[in-house]
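Colleague: One structure coming up, written as structure tokens, with questions to follow.
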Amino acid sequence: MMLRVSPSPAAAVPTQLSGAPATPAPVVRVAAPRGVASPSAGAACRAAGKGKEVLSGVVFQPFEEIKGELALVPQSPDKSLARHKFVDDCEAALNEQINVEYNASYAYHSLFAYFDRDNVALKGFAKFFKESSDEEREHAEKLMEYQNKRGGRVRLQSIVTPLTEFDHPEKGDALYAMELALALEKLVNEKLHNLHGVATRCNDPQLTDFIESEFLEEQGEAINKISKYVAQLRRVGKGHGVWHFDQMLLEEEA
């Protein structure tokens, strides 16, 4: 830091000529002693507010700070380089949710196969359940991509064999299948809430944000949509109304 120093008063008095402008005093710059700040520098570094505390002016020294953080970069080739603040409980909970989504996809695929039979031939229901199966599989893949993104390891688990027959003596196959779908969506929603709870308990804001933004809102919409389908199918009964409902599903956009 350089300070402006004026020479002695005697040296500063120039020879004044009649009518000539005064010569400005020379300015000499000298280095301030180490550890001593000029008043203007101190004022520039004062904290906002009451202005009583003088700050150092240094906010972040990256190369100094990362020296103590190099342990965060693993040297072993079998360790993830991207993993940071991602605990084992969250990794395990994500793998469980992947399994939930794949099981839901498998169950919907079985419903699709049933309604696509030649002796059932409700193509609208088959289309709806096929799209639902694809959606659940996409959810599983999205969770797998996120697991890899955070440096976790995807561990696929067994899938339970689903039902293959969905006829019901009182409700009929259409209503019974849609009630099963509603129960399945509520179960998936419950599992997502459990995953969110694990992320919250482990203080993982990135995972909680991912679940909220990518899954929970969509899950609520799916529950509401299928709830309305169940209500409508209860009104139409097992007769001719099921065919009309099937046509509605066939024409509906995904």
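Quick reminder: no glycine exception, Cβ is built from N, Cα and C everywhere.
I grabbed these lines from Swiss-Prot:
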REGION    1-20  region 'Disordered'
TRANSIT   1-46  transit peptide
REGION    47-83  region 'Extension peptide (EP)'
DOMAIN    84-237  domain 'Ferritin-like diiron'
BINDING   Glu136, Glu185, Gln219  Fe cation 2 binding site
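Show me how these features fit into the shown structure, please.
Modeller: Cβ environment of Glu136 (Fe cation 2 binding site): Glu101, Tyr102, Ala104, Ser105, Tyr108, Val188 lie under 8 Å away, each six or more residues apart in the same chain.
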Colleague: Determine which residues of the same chain, besides Glu136, Glu185, Gln219, have their CB within 8 A of the center of the CB atoms at the recorded Fe cation 2 site, and list them by sequence.
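Modeller: Other same-chain residues with Cβ inside the cutoff are Ala104, Ser132, Glu135, His139, Leu184, Val188, Asn189, Glu218, Ala222, Ile223.
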Colleague: Within 10 Å of the Cβ of Gln219 (Fe cation 2 binding site), how many other Cβ atoms can you find? Include all protein chains, please.
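Modeller: Neighbour count, Cβ to Cβ under the 10 Å cut-off: 20.
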